[in-house]
């Protein structure tokens, strides 16, 4: 929502009574840019101000005014193309299909040259680019609208519309462009259009004038020759009679020749049609054979594929069985019975039992020594008790005496302290006992877990060895299978390379086969009209497989030039002989072998044992066997040159050829190597194809083996991977248990240390408790003595010393018993450890022996299983091999059958193709011959028609009267015709109607001369019109220039008080083409160059020029689009004063944001745009009806 609150406007002076009645009355926009809905702006005379926020569509009102008045520049309308003026859609509104603007002008005073007091101009544009113009609802042209408005000083420059950026364009434009503004205001535009129209007519009239001049000149040149032609026409009649006679005789000859050619064409057409019918019958038979063979192949091919697949599967199975057999044999061969290499567990157990018995004996000695030590310890205890008692008695007496002296109070305090310490130690001992019990429980649990884990680890360690053996065996079998696979793959690759080399050799040999018969075939076919197809002779000759090496070269040498011969299917009939007589010299020489009757034969002669007839080493197709036999009937194959010479010497009729390429005859020989011919190359191709077939067979044979080896290798890899995975899993488990066992060992050690530490603390606490209890008893005794004895004597040491001496003797005896016990215990412990180790070693050896026996049993079972598998594989391999051989035989038979059918099918297909090609050629030839016959018929008819038209004599009369007889001489008649034509030519071009033509031509010449005079007069009149228009333009522009020149300094002084400005002509001597320069010097500055002015000064200077034009040549209305945006308040007030002055004579529509401009408005229009992108307009009249009193303060809200 946009709103504006207007303050009370400044008083507006009353308008002069000179206000023009012509003004813009309304503007209606439909679908133009942002005006989606029909919007009508009703204008009033005076100043109409349009306000609104940026982007609301104010300038679109200016664009609509320019567009409806004929603006054609899309950039002027701030767009890229003219279709951009159509509403493109916004918010929820869809794009529209057309834009329409209607401008209504009040023409009450008749300023516009139209008989209406109100003029509506409408322009409409559609999405497809179509435009329509209307004046008061009637269809009109753009030119009509421009001429209508030009009388009011509105032209294509649109100087009355000053849009955004137009001021800078005015100053930056060239002088000639500034001239256009004054011309437009002066109303020169329609005169310039009249001048341009007259100039265009003058240009087109010049073309007509040139044409008339050329025509009259041409007619003038034709009159004299035409007079001479009339004279020549009279002399030509006699020559033409003789010429007609000669032409009739030659026409009779020509018709006779055409009839003969037509008859020949009809005869050849009938012959070709008969050949087409014969070939069509052969083609039907060949097609039926081809169809039957295709059906036979449809049965044979799947059977061959099935046999091939069965053979492939069996070959693969054989290879897999072979691999299984090799693995089983390897396992059987690798098994060996190995005895246990460790110690005998029974012997170790017996040694352990002997050590155990010895330990029992020593244990008895230990018990005796321990019993003696116990007795001595009892004695020592007694003696110690006695000594202690004596010592205590003595000490008690001494202390009692001392205590008596010191007093009883200290003893009581000491007793109480000792009792408290005893109580605390008892509690501490209780805690230590609980901790010792807890620690002992953890130690026992850890030891139990350690023992259990150790047993599990030992069991897993024992189970690892079979897995390791399986892994090693599976890995070895996988490597062997891979080696076998690589061996088969290498053989396969070698065969593939051999196949590739053979295929390349065959292609190379085929590319080197010379082909020279194409030109001869085409020439004979063209000459005779009968298709002649040739194939190389080499394709009909096959070297026998039993033939010795070198036969191919010897055959080519024996045939000589005929080795490059071709074979034909036709006889040397009359048609072929006639065609041979017309062969061009450009056709290469070609030998042709024709079909013959009979089989292979040779001369009757005796040959040595090491010689043979050359023709016995080859096979020739039956059609050409007799002909080739005649060529080779006297040629003998000799193994050596001496043998060849001997054969020729023995029989001069014979020729002998050797493997080294020497041909010997009677009195001559041929030696050396020449270029390989077609026969030799074809033989090499056949040899290479045989090798290729063998290679393909070997490759197919190897394919099954490769598949089996690949499957066996894959199975071996899977087994090896499984064994490796199982071993790794087992080793991982063993490693984990080992780590857990070490962890438990550490835990047991830590628990044992903790138990020992807590036990030690408990023992220390018990010791301290015993000491404290002893001290407490002593203190209690001392206290009792102090209380009982009142009279004490000095104590003696006799009893204590006697007890101490007796204790020393007993302790010496105890020490001896301890030494004896320790010696016995050490010996017993040594023997007990030996016994334990022997028992443990015996158990370990027994377990190891059991594992060895289990492993051997397992190996024996595996070896037995391997033997069974090997035997089964051997039997299965034999059966599979037999099945493979049978499958091979069946496959070869099926493939042979399929190949035979394919060969027959290919032959039938080739025959069908050849027959179809021959049928097509014969049909084409028959068609061509039919065309030739038709052409001959047409030529005959055309000749008849032409002769009738030219000579005017019926064809029957010509054939009756002018058919050439025996005495007809063609040369004489042609010479007669030539002489008559020469005589007629010497007369020149004869026109029998020359007199009539001469008269008509003379009349036409007189008419064109009159027309030429009229055109020249019209051209002079147009030139006068152009001169008058130039004079009018000169007068209008000069008057307008003088007025604008006079007004500009005044307006400039108004806008720049104290400044100077003027307009200067660039070419004062040429008022029709001169430009206009602007000189401006604002106050306080000495510069006159426009580029040195500030932005505001440039705008004011441009406005000064426009206002000067407006004042010199007022227009009904002016549109100003934010022209005062760059002006400060002072300059803005000056410009507003000019606006107020201009509205006396014209209507002003001002787009502005300036409040002072709004203050002088007669009508205020508010333009706004909501979020939907559509422009809306509201209006507020600012002055009442007489436009004299200022309006009361109002507000507009939209």
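Please read every residue number as a count from 1 along the shown chain.
Even glycines carry a Cβ here, placed using N, Cα and C.
Per TrEMBL, the features are:
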| type | residues | note |
| --- | --- | --- |
| BINDING | 53, 54, 55, 56, 57, 58, 59, 60 | ATP binding site |
| COILED | 188-215 | coiled coil |
| COILED | 255-296 | coiled coil |
| COILED | 359-512 | coiled coil |
| COILED | 685-789 | coiled coil |
| COILED | 898-946 | coiled coil |
| COILED | 970-1032 | coiled coil |
| DOMAIN | 23-1175 | domain 'RecF/RecN/SMC N-terminal' |
| DOMAIN | 548-647 | domain 'SMC hinge' |
_List the residues in the vicinity of the ATP site, defined as same-chain residues other than 53, 54, 55, 56, 57, 58, 59, 60 with C-beta within 8 angstroms of the site's C-beta centre._
34, 52, 1167, 1169, 1175
_For 53, 55, 57, listed as binding-site residues, tell me which one has the smallest number of other Cβ atoms within 10 Å._
55
*Among the binding-site residues listed here (54, 56, 59, 60), identify the one with the smallest other-Cβ count within 10 Å.*
54
*Where does residue 60 (ATP binding site) sit in the DSSP three-state scheme?*
helix
*Starting from the Cβ of residue 58 (ATP binding site), draw a 10 Å sphere and report how many other Cβ atoms land inside it.*
24
